[in-house]
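Trainee: The annotation repeat 'PPR' is assigned in TrEMBL to 5-39. Marked as domain 'DYW' by TrEMBL: 184-276.
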Amino acid sequence: QIRPNNVTFIGVLSACAHNGLVDDGRRYWSTMQEMGIKASMENYGCMVDLLCRSGLLDEAYSFVTSMPILPNSVIWRNLLVASKSSNRTDIVGLASKKLFELEPQNPENYVLLSNLYALNSQWDRVRYMRKKMKDNNVTVVAGCSSIEINGYLHKFVVSDGSHPEIKEIRVVLREIADRVLRSGHKPWTAAVLHDVGEEEKEIALCEHSERLAIAYGLLKTKAPHVIRVVKNLRFCPDCHEVAKIISKSYGREIIVRDRVRFHRFIGGSCSCNDFW
């Protein structure tokens, strides 16, 4: 008889997390304990992911703080992402403190926390995070998105005007902006980490690297061709919402691989269920 091990439960718990099966996840976790299988960091991470994705922030927080092993940066980052739409300053404070202790030079942690502060228009804290990055000599890697068309790899950075077909791309971007506006979407301008006017922020959002790459995919391909984009950093929250709208409005399947996971957009929804 083949006995499951902790790796088996990583797959099972991960599947529960991605499908919102909270009760099943809890049951499998209990089964693992009953079988005497020692949980690995990855097993704990799957349970935290399950609880965070399901909006059970308090339970996730209790689970993390009661772990018999020290949580790693992935677990603290998951908790921080889950708390971004809450008012739980205690969780934000602890998670960010632990992240900076574990990874003081990781720029993603600074950007993630800056996004959280910007979401609540706490620009003084955003400026503090920038100062902290400068003091610690932390450099943010420039966001870059790539798409392959007819065997050639095309790379884009934010507000990239160097592409030979940039005029045509911007025509598509304007059409996308019109469709997004008609859909009722309000731009998430907090994704632009500058204390400037709303209009300037909306313009900046329209030319994020992932949006440029998707626009180029729309320009150069037709349905049912799948638009595939790779980004070196975490997906911009506003561009994520816009990608959902594009997939529905244009009837296109879009797959984006960012630093965190794969995102598959079909018919106005994403496979990540808006948690990444």
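Each residue, glycine too, has its Cβ placed from N, Cα and C.
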Trainee: How do the residues of the domain 'DYW' (184-276) split into helix, strand and coil according to DSSP?
Mentor: 37 helix, 16 strand, 40 coil
Trainee: Which value does the mean pLDDT take for the repeat 'PPR' (5-39) in this predicted structure?
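Mentor: PLDDT averaged over the stretch: 96.
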